[in-house]
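K.L.:
Mind looking over this structure? Questions follow.
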Amino acid sequence: MSMWLFITSLVITAFICNSPAYAYDNNPLQDICVAVNDSYASVFVNGKICKDPKLATPNDFFASGLNVSGNPAPGFGFKAKFVDVNNMPGFNTLGIIIGRLDLEPLRFIPFHTHPRAAELITILEGTVLAGFLVPDPANFYKSRLFSKILNPSDVFVFPQGLIHFQYNVGLKKAIFLATFNSQNPGIFMITSPNIASDLPVLNDILAKGFQLNKTQIALLGNKFS
């Protein structure tokens, strides 16, 4: 009996020691969790607390407006419009958002990453060159490019956290939907945050990092400022 007690205690201890404590569950523990703003609440779930399910309505799970383009990104030739928990509160805890992007002819959505989500794009109109970079484990100075020219009805996925881009190679506007498997995927633009951060990175560091001279870095800074 003492041996079984020892083994049982050992298993329980190992489980507890190797199970990190989380303030949330990977999957929702309730059927619905409609977001509600309450500045007096002290408990949050994925950034938003839940409305009493008895008070939820169909409108909490509905949004419209993706038939029109969104806000322009100055200097880059594209517009973006997203449906997320802020305009469709029923998205709360479901780990998904969707957006529409309009990309002008021969314009480019710069290299960027989404640290918390993979991205799935579906082409509605136009022709888009989409691609992402995978680090080469044998040489961290190199990357492998995965790219594809996409036409209407084509689907392409960017794995979570990898650098990727979209380029309109056609002569008319391209429109596509972007879906993310996170309520808050995040976005990090590869160049502009380094060049034009709130606390500027020293030009000497930027020059070494991008293998440019300080004059070239200064010119880049003027573009992103």
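Here the Cβ of each residue, glycine as well, is placed from N, Cα and C on the backbone.
In case it's useful when we look at the structure, here is the feature table from TrEMBL:
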- 1-23: signal peptide (SIGNAL)
- Cys33-Cys50: disulfide bond (DISULFID)
- 64-218: domain 'Cupin type-1' (DOMAIN)
- His112, His114, Glu119, His164: Mn(2+) binding site (BINDING)
- His114, Glu119: oxalate binding site (BINDING)
K.L.:
Round to a whole number and give the Cα-to-Cα distance in Å for the pair His114 (Mn(2+) binding site) and Cys33 (disulfide bond).
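P.N.:
Approximately 24 Å lies between the Cα of His114 (Mn(2+) binding site) and that of Cys33 (disulfide bond).
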K.L.:
Please work out the mean pLDDT for the residues of the domain 'Cupin type-1' (64-218).
P.N.:
89
K.L.:
Looking at the binding-site residues listed here (His112, Glu119, His164), whose Cα lies nearest to that of Cys50 (disulfide bond)?
P.N.:
Glu119
K.L.:
For Glu119 (Mn(2+) binding site), what is the tally of other C-beta atoms lying within 10 angstroms of its C-beta?
P.N.:
25
K.L.:
Which one, from the binding-site residues His112, His114, His164, has the smallest tally of other C-beta atoms lying within 10 Å of its C-beta?
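P.N.:
Sparsest of the binding-site residues His112, His114, His164 by Cβ contacts within 10 Å: His112.
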K.L.:
What's the CA to CA span in angstrom from Cys33 (disulfide bond) over to His164 (Mn(2+) binding site)?
P.N.:
32
K.L.:
Including all protein chains shown, what's the count of other C-beta atoms within 10 A of the C-beta of Cys33 (disulfide bond)?
P.N.:
23
K.L.:
Around the C-beta of Cys50 (disulfide bond), how many further C-beta atoms are within 10 angstroms, looking at every protein chain?
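P.N.:
Excluding its own Cβ, the number within 10 Å is 21.
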K.L.:
For the recorded Mn(2+) site, whose residues are His112, His114, Glu119, His164, find every other residue on that chain with a C-beta no more than 8 angstroms from the centre of their C-beta atoms, and list them by sequence position.
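P.N.:
Along the chain, the qualifying residues are Thr113, Phe132, Phe158, Leu162, Ile163, Pro185, Ile187.
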